[in-house]
Ligand SMILES: Nc1ncnc2c1ncn2[C@@H]1O[C@H](COP(=O)(O)OP(=O)(O)OP(=O)(O)O)[C@@H](O)[C@H]1O
Ligand SMILES: Nc1ncnc2c1ncn2[C@@H]1O[C@H](COP(=O)(O)OP(=O)(O)OP(=O)(O)O)[C@@H](O)[C@H]1O
Ligand SMILES: [Mg+2]
Ligand SMILES: [Mg+2]
């Protein structure tokens with residue numbers, strides 16, 4: 001019995017819990033991407049750097065708060081600083097819209113032009129973030145780091161294996177769930193939400209229904225800014241703040257958004273977890289789990305690993321391709337919000 | 001004669017460089033039906049767009065109830081009581097039928113369930129399909145959604161670009177009946193039709209457009225009676 | 001600017017700018033940039049064939065460039081005889097196992113009708129084949145990789161002239177593209193994009209991790225050149241004399257000579273590909289591809305085998321990218337799998353195509369030149385801008401130090417700004433797709 | 001008159017976060033020399049930066065080409081990653097006959113590369129470090145290790161070398177797996193490492209890249225609690241970021257029994273930056289170039305390339321970081337120096353660091369020296 | 001010529017075509033009418049290969065064609081137009097027509113590269129034909145225009161025009177008349193009759209304009225709720241009570257009388 005428990009705990013500790021936290025992080029990022037796609041109809045390559053920007057402002061604000069001794073322990077101070085990050089990011093994003101995207105919207109440029117324009121915005125943001133805070137790692141996490149550490153867990157349960165749960169993991173999960181429910185409700189039920197969907201569906205006809213396009217676009221960007229800042233900050237709290245990793249995040253985030261069905265918020269969440277768990281489970285070495293489950297004589301010598309971890313991205317992409325081949329518009333059918 | 005309720009006067013303009021409309025005048029009064037007919041590519045749809053502000057005019061003006069609205073953005077004409085069903089892409093394909101109708105009533109703050117019922121009574125198939133995505137409907141059904149959406153606004157001016165294209169005869173009759181009914185409520189109706197004979201029968205005024213110019217302007221009955229018009233534009 | 005003159009004028013401006021670099025910086029720098037511009041243009045042509053002609057949203061360019069790079073290694077590196085001796089047999093057995101599996105699967109598909117039974121049989125055959133192949137493959141690979149890992153540890157190549165790697169790289173990329181296309185071309189727009197992105201990442205991962213084939217992250221350096229080495233020229237009397245007659249010092253002359261030689265080779269390839277592309281685009285073939293791009297359903301209804309034609313365009317475009325990849329590896333003189341990141345090899349190429357004007361071959365070439373130029377020159381210009389901006393501040397001004405330290409990031413900002421400005425003033429690209437009016441009948 | 005030195009490092013790209021400290025290190029040496037009156041009778045030494053991007057051979061070559069032929073630099077400090085270093089060396093430096101001193105390219109392949117005597121490096125080849133790691137671990141009685149390396153030529157080469165040496169010494173390696181730098185999440189890697197187990201996790205990565213991510217995730221999940229830190233992983237930034245969890249971990253980095261390393265830390269702090277991985281090596285690379293120029297009495301690569309080994313090695317008076325002025329004076333006076341510098345440089349043929357190692361241990365969040373090898 | 005046996009097509013829960021069995025005689029102009037949503041277009045799509053039917057079989061000249069892709073059907077002489085115009089938006093009107101020509105040598109890359117003379121000759125012939133069609137449809141002034149910029153009716157004409165570029169055996173027309181000016185529609189009707197009589201084309205056309213149906217079609221098939229309701233001559237069909245109830249309505253007769 002304890003063997004089974006031990007096996008479960010190992011599995012939870014190295015697969016379930018980290019996968020959940022990574023999945024929730026991807027999902028939050030993918031939500032922002034999906035929202036831009038759904039309302040403004042293009043793939044926003046600047047989203048990773050938007051997250052970096054939002055997180056950066058939050059980091060700066062957190063330092064300022066920490067400097068004057070404000071704290072909401074055991075929660076991280078960064079949560080208090082979030083509004084500052086959101087406001088600054090919103091301002092920045094609205095400014096780019098005004099200066100860049102609006103022109104192409106009025107021109108009725110093709111989606112691919114928007115994609116390339118977003119690459120341009122990405123370069124600029126990339127530089128701006130590094131100008132302000134530099135390319136380095138920045139730590140800004142405070143508050144309780146763990147809900148349970150592996151050692152505590154062993155002591156409490158008397159099991160041979162430990163289970164660690166980070167506070168940031170739980171926080172990310174909770175926020176992801178809350179945000180997606182709120183977003184879903186907003187888009188499906190509120191007038192503004194419907195106007196946004198209508199606008200994305202058929203812009204000209206939306207005008208004929210009296211929808212104010214500028215307002216719709218502005219609200220979309222505000223939501224995107226908020227989502228990006230929250231996602232970026234939570235990611236920074238869990239891992240670390242470094243501009244380059246945010247850029248690296250866009251590929252898995254896109255994968256998540258698309259596997260889930262681009263344009264669908266619930267799809268983004270599902271996609272995030274599919275990508276995260278496919279990376280973790282396929283490359284996990286089941287040696288220790290089996291070691292607990294099987295009698296000693298049968299315990300495996302080898303790692304019992306389906307594929308080396310160097311192929312973990314390959315694995316998630318293979319899964320992605322397979323999912324797309326089976327369901328060409330993603331798990332939850334894209335483009336519907 | 002007092003000025004008509006809605007008039008696009010001497011409209012000249014087009015897309016990009018080309019000029020499609022040439023000093024074209026279209027008007028309609030409250031409680032009247034005005035019908036635009038003409039060959040394909042004559043500029044009928046363009047004239048409608050111009051009246052609704054979706055085209056930059058190089059000359060001419062659009063006036064509603066005596067007020068110059070030439071420079072008003074399309075979305076700002078909706079609160080003024082104007083509603084428009086374009087010829088193409090006239091539904092929200094990714095939204096359900098019901099949501100399409102709700103979008104028609106986007107600016108309305110009052111209870112819309114009554115109007116919705118009226119639309120469903122007019123087009124019973126839509127009641128059945130209200131939870132289906134409009135993009136999955138048949139051609140005629142989409143057309144019904146499009147007209148239904150415009151009716152939901154409860155406009156003072158209703159502009160329809162070929163509302164009957166692709167709808168079955170029975171629905172077309174219903175639609176024309178309904179339009180006559182709406183006229184009775186004092187609403188101005190401006191429409192483009194290729195089913196021109198039926199349309200002119202119920203029209204108070206008719207405009208025959210050719211290459212962006214007014215060729216004939218008369219009452220519906222007079223145009224129907226004109227053999228030249230019948231032969232060249234109404235299919236004999 | 002009238003449309004007919006727009007192209008020549010923009011190319012002339014580009015030439016003038018490059019000449020300017022030659023005169024103010026140095027001719028080596030200018031020619032070095034030109035060489036990469038030529039390669040970039042070739043890759044952009046490849047993407048344009050896929051996107052501009054056929055509307056295929058392929059963002060897997062990096063994978064095909066990597067395949068081209070692998071081809072350069074396999075063709076030109078010196079063979080490692082010892083590796084062949086110890087591991088060759090095992091690899092051959094593994095290859096046999098794979099071949100046998102394929103034959104078995106084909107047989108099963110021929111014998112058993114559609115359905116669950118057939119799928120099970122195919123899966124079983126594939127699984128057995130996989131394990132048999134691994135059985136022969138793994139020990140062979142271990143033995144190969146054990147041979148002097150610091151310097152070889154791989155099979156090496158055929159030791160042939162590296163120029164051969166260009167067509168072979170194209171063919172290899174075409175083969176890979178054919179496989180991918182068979183699987184993925186059923187997907188639409190963004191979904192195709194992410195699938196190709198994923199597959200290209202997998203290709204790069206293979207190049208990085210299959211050491212027996214590519215030496216992996218340990219890189220293959222010192223690939224042979226199709227042109228002479230500068231050092232040899234500097235020591236050749238005839239060359240030194242020649243250089244002196246032009247009033248050049250041998251060092252500079254050798255560097256310029258080598259770059260010119262490369263430029264000549266690359267230009268020949270680019271012009272040939274450009275000629276073929278233009279011919280194709282302006283032919284009924286091009287018309288058909290554009291029709292497929294515009295409306296696949298209608299094209300299918302008008303008798304075009306859309307699936308096959310799209311596969312053609314995909315394969316041809318990928319082959320061109322593969323050629324570009326092989327050429328780049330040739331120019332670098334080394335194969336570095338770590339280089340292949342999507343930003344540089346996929347998105348930058350896309351930027352070239354879109355800024356140049358998709359659907360227009362000359363636009364792609366112009367985009368290739370312009371964007372590579374900006375990519376390289378944004379760095380010094382960025383630093384220079386920073387110097388200018390901060391020149392008014394005091395020596396010890398903290399902001400000034402900070403800004404000067406951050407000058408490298410100006411490169412990103414400038415790159416982005418130029419991209420945004422280009423599209424702002426030329427939203428359809430610098431040389432937009434022509435409306436083809438009738439044909440040169 | 002000025003002498004220009006090119007500092008070609010990856011200011012953008014995957015190693016962008018360790019690059020600023022490296023560049024600052026090199027420039028610190030230049031400033032020190034210039035403040036002391038320059039070389040060759042008053043020539044100031046100025047730095048010209050060029051972006052190697054670490055991964056893009058073509059862009060790196062273009063940058064080097066520009067620095068040499070347009071800016072007229074006399075020598076190159078760099079590049080950082082072995083791939084771009086090789087590209088620059090073979091495509092640009094050789095053609096133009098310019099000396100290159102890389103602070104961080106550790107690929108064994110560079111040892112045998114054709115370089116006309118122009119290429120040097122102040123970091124030892126991976127082959128040497130593998131032996132050191134194995135020795136340190138064996139001496140501590142460790143029998144079983146797991147290895148995680150950054151998936152580039154540095155990490156791969158080092159990991160292979162560690163595995164070979166450690167096995168030869170009778171130890172066992174449970175897993176030798178790579179990680180990619182700059183990725184978002186390392187739970188899969190740590191999961192596999194944890195399953196394989198081992199007393200110590202050897203992390204052959206970079207101090208604030210994937211290496212740090214691996215350590216963080218290992219501690220978070222309780223997978224490992226002791227880590228071996230090779231040269232790329234030793235930097236105060238690591239204990240600062242990780243905290244108490246790192247106490248008790250150990251490692252080694254190039255260095256001799258000298259106060260050089262500590263001095264350098266202080267100097268860096270005074271100059272306004274925090275030393276990190278390969279920052280001392282960068283300082284040394286720049287210093288060696290300038291000292292060799294002084295010794296040769298020329299800034300011409302062809303002339304001073306032969307002096308690099310001379311100034312770096314005994315005989316002569318030992319030179320610590322911060323003593324460049326003294327060194328220049330000795331050379332001018334016809335004396336002999338043995339440059340030790342911040343990373344205890346000892347160059348062996350064909351121009352690379354011999355690899356003396358300073359063993360360290362993390363205690364109370366500080367890097368403590370415990371001995372030398 | 002075409003035979004559908006118990007064809008079904010479901011979209012999720014919606015039974016768009018629900019057991020349609022019908023036969024189109026060679027050389028006839030068959031009308032297909034029915035209320036909106038009766039499944040006419042869906043049946044067309046099944047026959048023309050846009051998607052396979054959920055169940056049932058389709059034959060062309062006694063050869064089964066169920067599930068064949070459209071381009072293979074084109075090769076067998078089966079053509080269709082789309083109810084919602086599917087123009088090639090960035091191609092000129094003339095190119096829209098020219099691309100429809102069958103068996104173009106210039107559509108293989110090899111010829112495009114290396115046999116320019118052959119391709120040029122071929123193009124000349126196709127171009128002439130396209131110009132004839134343009135002339136006929138009265139869209140000469142927009143021949144060089146991007147097809148995406150055409151008016152709604154012009155797009156429908158183009159849709160029809162493409163089928164006129166090909167020597168077809170059987171053509172399926174999905175509401176070519178909707179949005180087309182009635183005077184022009186009469187000319188088109190004449191052309192259809194001429195193609196039918198002179199070249200032996202078989203036609204099957206969906207149309208809601210009963211005048212047009214009455215003038216051209218015999219027989220007329222009526223569909224409702226996914227099934228074939230009845231088949232007969234135009235007069236028979238229009239007089240049938242079920243058809244009037246479901247489709248024509250009572251008003252139409254009165255109006256038709258007024259119009260006549
Ligand atoms: N993709 C789809 N998904 C779901 N339902 C569909 C889809 N396409 C068609 N339908 C439904 O199938 C039925 C038949 O549609 P179809 O287009 O065949 O009608 P039709 O007879 O051509 O009508 P019309 O005269 O209006 O063109 C309709 O009720 C429609 O709503
Ligand atoms: N977006 C556009 N850009 C350029 N030209 C256009 C555009 N839309 C329409 N046109 C041109 O304007 C002319 C008039 O088009 P319009 O749509 O107004 O015709 P219409 O009278 O409504 O015809 P139909 O009865 O066929 O709908 C046509 O020649 C058409 O080619
Ligand atoms: Mg129209
Ligand atoms: Mg239909």
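Cβ atoms are placed via backbone N, Cα and C, with glycine included.
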Given ranges C:7-23, C:211-227, the stretch to which TrEMBL attaches the annotation transmembrane segment: C:7-23
TrEMBL annotation of transmembrane segment - which of the ranges C:256-277, C:278-299 it falls on: C:256-277
Cβ-based contact of the transmembrane segment (C:56-77) with the transmembrane segment (C:343-362), 3 or more pairs under 8 Å: yes
For the transmembrane segment (C:29-49), sequence-distant contacts whose Cβ falls under 8 Å of one of its Cβ atoms, 6 or more beyond its ends: 18-19, 21-22, 58, 61, 64-65, 256, 259-260, 262-263, 266-267, 269-270, 273-274, 277, 313, 316-321, 323-325, 327-328, 331, 345, 348-350, 352-353, 356, 358-361, 363-365, 367-369, 371-373, 376-377
Non-local residues, at least 6 beyond the ends, that sit with Cβ under 8 Å of the transmembrane segment (C:120-137): 90-91, 93-94, 97-98, 100-101, 104-105, 108-109, 112
Residues from the same chain, set at least six apart from the ends of the transmembrane segment (C:157-179), whose C-beta lies under 8 A from its own: 63-64, 67-79, 203, 223-226, 265, 269, 311, 314-323, 325-327, 329-330
Intrachain residues whose Cβ lies under 8 Å of the transmembrane segment (C:83-108), provided they are six or more past its termini: 118, 121-122, 125-126, 128-130, 132-137, 139-141, 143-144, 147, 152-156, 212
